[in-house]
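Single-structure report; data block below.
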Amino acid sequence: MEKISVAVRFRPPNQTAADLSSGFGGGDREWRIDDGSRVSLLHRTAGPVPGASFAFDHVFDGATTNEQVYASVVRALIHYAVDGFNGTAFAYGQTSSGKTFTMNGCDSDPGIIPRAVRDVFDTSRQAEDREFLIRVSYMEIYNEEINDLLSLEGQKLQIHENLERGVYVAGLREEIVNSAEQVLDLLQQGEGMLLPICFISRNVINKLSENGKQRGHIPYRDSKLTRILQPALGGNAKTSIICTAAPEELHIEETRGTLQFASRAKCVSNCAQVNEVCILTDAALLKRQKLEIEELRKKLQGSHSEGLEQVVLKLRNDMYKSELERDRLAMELEEERKLRETLKHRVAEQQKKLEDLNNISISTEHFQDSTQLDALKTPDSKYAPEDFVACRLRYSNDVEFSPIPETLDNVADEDLWARLNKGCVTDLDMLEMTPGLKHGESMQKDSTSAVPLEEPAEARCQRLEKDCISDQQQLEESKGRCVMLEKEIEMLRDENSSLQQEVSKYKQEDDRIIAEKQEDDRIIAEKQEQLEDAMMRCAALEKELFRYRQDADRLTAEKQELLGELNTEKHKMQELKKDISVITRAFSQREGQLTSLYSKSKAIVEHCKSSQVAALP
């Protein structure tokens, strides 16, 4: 809820009214303006008059121009109207108080109406996101009859009301205008006597200014003016009232009544709301779509699009690098797995070799014991040749050596022997013992062969244990590296997945923007086709209108020509009537003469006949 804006404007003093006031012995009282918002009646000798002080939003003296009044009272109202509010500005005051000058002005100082009209068009042009359709109507209320000043029909109009339009005048002509000059031309065409019904308006304002319980019925329907102004007086509108007053003492009582009306009007509250415009013309829709398309093009072609493309390109590069890093880590992981499998295999082989060596050591001791027993029993036993011992000595220092057999009786099978010797082929027949070998030679050879077998076997076992421990350590390190690589690969996979999601999101955004652009292009194409069709129809209508105008001009010319001919014929007819009248008069004269001659001739004939009858015998 907001109060009606009320301003009071005093016109400059009128010398004629001042002289009349002086002639009646007045001149002791005057109106004084304080702070531009208060006016008081002041007695020159007694001081302020009680009960004659009024406060308003604005109070203007006689030196104030229409520009100042418009800027203070009406300009904000125009901006509200362009934003969708109902706006009303009207002047109220007694006769010769300056209403017409305030609203119309002059060439050097235009009034409220021409300034508001120009401001409406200027403000609407600045709103690039909307399209405006401006209509103007002009009417007068005289003796409770509404006359349309823009129509030549002279039809009496009636007031109606509905939910959509509220209070409106049915049948009132509304002209669509595109410039302020068109509006001013229409107003100039419909300029006439405007006699607002001030008394009834005063009654409505008085009722509206009362409290809710004391208000009662508001007499809007007492006058068609107040009925039309119903939305502006306590309704859905932003309203400004300019009350004009005369400063001379001759008009003090009338001015006091005007100020009392203005004071009561200041107590009226309106509830203005933005009107929702649901109907958009094709031009408005096309303009809005063009603006949206321009914004989309700027997004696609501007810095935002370049930044988006750079982000997408960077994400793609990061994804490609991540894929390369993932492949590299996968290859390293595969190599580590292969190395781990190899190490496991080698550790298993080394452990197996250790077990075999332990078995060989036990077999060697058993072999020595059995050899001593066999030497006691068979002095001619066959011993291993020197080639076998040399072979053992040669392979004892190698990493993969060939162990000696457990006994001379072929206790180890051929498969075990082949596995232990790793491809070293040995003739098993060479290991058979000769029963005829002497005990001394056997003991000597066994002692010479046992010593070099025991020491390398122990060293070999220690070295193999160390190698096994080292391999196990390497295996543990490889396992740790594999775990780290798997974690890193998992992180890279997550990062790659997030990058792919972002790329997919940006691709979807690009696809959406492209789809919207295509849809907008399609809509633009359709609108352009519709516009072209409309332009073609408009051109056809213009051609038809031009043809009609030519026909109208031709018919007008023919009419003028016929009127000329008619006037000529009328003139000729008048002349003929004159001639007929003359001829008729002449004919009457001739007829009279003929009648007279006929009578005379008849009398002569009668006289002759009588003379002849008398002359007969």
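A Cβ is built for glycine as well, from the same backbone N, Cα and C atoms used for every other residue.
Feature annotations, courtesy of TrEMBL:
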type	residues	note
DOMAIN	3-191	domain 'Kinesin motor'
BINDING	Gly93, Gln94, Thr95, Ser96, Ser97, Gly98, Lys99, Thr100	ATP binding site
DOMAIN	203-268	domain 'Kinesin motor'
COILED	286-360	coiled coil
COILED	475-579	coiled coil
Taking the mean position of the Cβ atoms of Gly93, Gln94, Thr95, Ser96, Ser97, Gly98, Lys99, Thr100 as the ATP site, which residues outside that list, in the same chain, have a Cβ no more than 8 Å away, listed in sequence order?
Arg11, Thr244, Ala246
For the binding-site residues Thr95, Ser97, the one whose C-beta sees the most other C-beta atoms within 10 angstroms:
Ser97
The average per-residue pLDDT within the domain 'Kinesin motor' (3-191) comes out at 85
Residue among binding-site residues Gly93, Gly98 with least C-beta crowding, 10 angstrom cut-off:
Gly98
Here the 10 Å Cβ neighbour count for Gln94 (ATP binding site) comes out at 18
Local Cβ density at Ser96 (ATP binding site) - other Cβ atoms counted within 10 Å
15
Enter the number of other CB atoms within 10 angstroms of the CB of Thr100 (ATP binding site).
13
Tertiary neighbours of Lys99 (ATP binding site) (same chain, Cβ under 8 Å, six or more apart):
Ala91, Tyr92, Gly93, Thr244
